[in-house]
């Protein structure tokens, strides 16, 4: 009798008929509703172009999903801008704002601030652009337990050129290559800059350092001394090498100063 009663109770607990649909009588439907609208951070443009010495605004705005309000008012909003490294594994602090508190970092001190054209505007203004400002920037907005991010790429007008010392090719380690570019009023080129230069027709057979520590070179006209006649045109990659012991040429990036 006890066993029969036990089975009846199990059957009663398991069955949960769904009105109007007999096929769902053994399914449990759970509805989950989040508390409050979700925070969204948006960059109106993913890529911004500017020039050395100029001013630029990196766009970033934040909203709450399904509402037009900039913030809930229950929590203070924190805005943080960082610069991403080529592999996204490290972030360099650029600017942080929370309430009336503002702080800029490193070479950005005195050159960055928030535009704040509206309550939800977290756009970053950078003045006196430098060659090393080129790269990808992350806008992060934090409000209470909610946060979201957007990434904006800053491109600078300029030119990529190969460089080798008077001693001949392949005589620069990574650190010497950095100094060599600086002596030419330039910085080490990034892969994106070298790729854009290749697309514009740059053809160079000697391998050179790039800012991410890789060694590469651009080929538009395949030939025997440069990998063979059957080589596919493109940016050829030697990979990553010891920055102290390995020696190559370097690709530098520079531009005219438009102050």
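Every residue, even glycine, has its Cβ placed from backbone N, Cα and C.
Those TrEMBL annotations? Automatic predictions, nothing curated.
Annotated features in TrEMBL:
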type	residues	note
DISULFID	205-226	disulfide bond
DOMAIN	37-155	domain 'Ig-like'
DOMAIN	159-254	domain 'Link'
SIGNAL	1-15	signal peptide
* Structure fact -> Secondary structure of the domain 'Link' (159-254) by DSSP, residue by residue, totals 22 helix, 30 strand, 44 coil
* To do: List the helix, strand and coil residue totals of the domain 'Ig-like' (37-155) as derived from DSSP.
  => 6 helix, 61 strand, 52 coil
* What same-chain residues, at least 6 away in sequence, bring their CB to under 8 Å of the CB of residue 226 (disulfide bond)? -> 205, 217, 219
* Asked: Including all protein chains displayed, how many Cβ atoms other than that of residue 205 (disulfide bond) lie within 10 Å of its Cβ?
  -> 15
